[in-house]
Structure formats: structure tokens, C-alpha cells
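Everything on this sheet refers to the single structure shown next.
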Amino acid sequence: MPQGLEHSGTSWKGQQLKHRQSAVDRLDPRARVVAVSAFALVVVLSSDLMALSLALAGSLLLALVARLNLKRTLRRVIAMDLFMLFLILMLPFTTPGEPIFHVAGLPASQEGLVHALQITLKANAVVLALLALVGTQTATTLGHALAHLRVPDKLVHLMLFTVRYLEVIGQEYKRMRRAMQARAFVLRANRHSWRSIGYLIGMLLVHSLERSERIMDAMKCRGYQGRFYLFDDMRLTAVDVRFGVLLALFLSLLIGLHLL
Amino acid sequence: MHIVDGALSLPVLAGGAALALGGVAIGLKKMDYDHLPQVGVLSAAFFIASYIHLPLGFSSVHLILNGLIGLALGWAAFPALLVALILQAVFFGFGGFLVLGVNTFNIALPAVLVFYLCRGGIIAASPKVAALWGALGGASAIALTTILVAASLALSGEAFVLAAKATLIAHIPVMLVEGFVTGAAVLLIRQVKPEFLNISEEWDHD
């Protein structure tokens, strides 16, 4: 995969998000999570090409409304598409059916082509909707929304901790790599490189763990008893209701197209 | 290793979700609040590992580290990996949403298996033997994950069988690299902070 298309941590700073406020941010975080789940379920279960194209158009519209960073979003979506390119390209040739064209003597079936198209449309529609509705929340808000949606406490805590450590470990990793570079270490495909990276990861984990122990002690000093208090009371407003009705109409249209 | 939305059939999606849910439930039960930060660290490490691209031939592979996570966490690998996969999907569009269950199961089950298979070897008296078991754990976790990914594809339709086979072959070099890296990491952790790999032992008592 080309370097530019790899997903990188640079655009996400853990609790903060480089994201312009948009109409989507006026929606309740819980409503956004539920909306994406419903949308994903309908999209993944339908097979009508018309409905799927409409779903992709819908999520594109959502991405526009959410004012997603165009370049960053495009990079992520293309990275995902490249990821499954292999699978998609192979499908027309491995699915039996009516041949429509030949490549190097191999027949490509229409059924396979349709199936490949379906997968592409589904994957892109779901990812765009996910990035637009949930990816625009801070990870902390997402954690709180999940807690309000009755996701087990421990899992939510774990997520909040992980979000915090992502930043810490990411910085530590960069620092140690810079130190290695200063000592003229170049990553190559040999045992020395792999061993060095293994030591780097070991050291990274040890450093981070010691840090996490200090954090735990500090939290206990302040009376932590295994509970975070969620102070934000999330409330559904008229905007959420309007959005919910719109989404319900859109989803019933998709289901209708699928059943026809 | 991540499968995207739309590729798998409904029974595979539902089955994966149910199995992952079971694993996460066991993991959460075995994990107490005092160990949350440690599990969080490893969950974050899995996330960071996917940035670490090692050159290999004309292309590069990124680390997965589910073997190392399994060795350190045991069953708690399930919630740790679920959280990392949720964050990757939501904030980076990496993987999919409804396939989270399948993806979690495919990556976390090998981690748990490695914990039971290689745990004894890791605490061996000789550091060399321990590193060897670590390498074995790292490599076999990738092998098992690849087999599970291939199986989820193959179960979803005849047409995927070729792609499933290709996935298996493509991951042989990844196995090799991951084995070396995990072995070295285990060697270092044993010498610097052996408690790290004993965390889960304490958990078994409570």
C-alpha cells in the first residue's frame, strides 16, 4: 500500500478532534450511534443495486452535511477500497454464471460482477456514514454515549483508557524511533531490524505499563472506586426527532426497493 | 486482516457477533477494575502496531501483535481488541461496522489460544526457551487469525474460496516477521519487567 494511503494518527488527537462544527453536531450522540447501526443493518442486508446506490448517495450527503475533511476522508475510503480490491477483482472470475467478457481466456460472469459491485457499494456507504455521524464525535463523547446506551461500564472505561493511552504510546513510539534513527537505524527486511522492533515494542509496553500504574495510583489517591460519573445529560431534542423521521423514511425507501 | 462490511453472509456475521460477545463477556468478567489501565495499554499498543510498517520485498507488512496481547492478557484480549477495532473503524474507517463481531473473534480467539498454548513456555527458566515460545506464539496467532479470516470468507460463499486461499499464502511472510518481533519483545519484557507477563496469573486467583 502506498505510504500516503496508510491510515495515520496525525489527524486525530485522542480527545480532541480536528473537525469543523456542523449541523451533525447538533444531534444527540446516542441518536448518531443508533442511526448508524440502523443504517448499516439495512444496507448490509439489502442486495438491490438501486437501493445500494441510493444508500451510498445518502451517506455522501451525510458526509457533506457533516463537513468531513475531503482529503482525509477520501484517503481513508480509498485505503479501504484498495484493501478489498483483490477480493473484488477476483469475484467475477470465481462466480459461475453468464460470461460477459474474457480476460486472458478467463470468463467473467455477470453475477460475479454484480456481487462485486454490491460489496463495494455497501462497504463505502457504511464507512462514510460511520465517519460522518460517529467519527465526528470526540472519543470521550462516544464513550459516554455508549455508556448511556447501556454498554457495560467496564468496556466503556476500557475505551476511555485506551483513547488516553493511544496518545501516550503514540508519542512514546515516535520518540523511541527518533532515538533509533539518531543511531543510524534503518528498517530493512532482516533479522536485526525485526529484533530491534521487537525490543522497541517490549520497551514501549514496559514504559506505558509503568505509566499506567502511576496513573492508577494517582486515581486511587483521588478516591477512584471503579466508577466514572457521567455528568453530561444527553437529551433528545426536536432536531433529533426530525432527523430520526427522515432517516426512518429513507430506510423504508431502501427496504421497499429491496423487496420490490 | 480486517474484513469490510458487505462481504460476509448473514449467518457468518451473526455467528461471529455471537461468539465475540461471549468472548467479551468472559473477558470482562475476568478483568477487574485495577487492571483496566494495563488492558488499555495493550489495546492501544495493538492500535499503534498497525502503524508500524516493516519493509518486506516490494511491499510492506504491518504488525498485528495479537499473540503478544494474548500472552499478556488471556481472555481480556477480547474486550481489549474489540475496543481497538471500534476505535479503528469509527475514527479511521478501517474495517467495518457490522463485521466488528467477526473481526474481533478472528483476532482475539487466536490470542486466547496462544495464551493457553504458550503460557507455560513463556515462564520457562531459560530466557532463550521463553523467547522461542514467544516467537511460536506470535507466529501461530497470525496463522490462526489468517485461517479464521479465510474460513469466514469461504463460509460466506463458494466464490470467495480462491480469495481465502490467497489470503492464507499472502500471510506466510507476516507470520515469520511477527514471530521474530514477538520473540524479541518477550525476551526483553522478561528481563526488564517480568510482572508484565504474569498479570493474568494473578487474575486467575480472583
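Backbone N, Cα and C atoms are what each Cβ position is placed from, and that goes for glycine too.
Summarising the annotation, TrEMBL assigns transmembrane segment to A:38-65 (among others). For the transmembrane segment (A:38-65), the list of distant contacts is 22-24, 73, 114, 117-118, 121-122, 124-126, 128-133, 247, 250-251, 253-255, 257-258, 260: same-chain residues at least six beyond its ends, Cβ to Cβ under 8 Å.
TrEMBL lists A:77-95 (among others) with the feature transmembrane segment.
Within the chain, the transmembrane segment (A:115-134) has long-range Cβ neighbours (under 8 A, six or more residues past its boundaries) at 24, 27, 32-33, 35-36, 39-40, 43-44, 47, 49, 52-53, 55-56, 58-60, 62-63, 65-66, 68, 73, 76-77, 80-81, 84, 87-89, 91-92, 95, 142. Per TrEMBL, the feature transmembrane segment maps to A:115-134 (among others).
According to TrEMBL, the transmembrane segment annotation covers A:241-259 (among others). Residues 27, 31, 35, 38-39, 42-43, 45-48, 50-51, 54-55, 58 of the same chain lie 6 or more positions beyond the ends of the transmembrane segment (A:241-259) yet place their CB under 8 Å from a CB of it.
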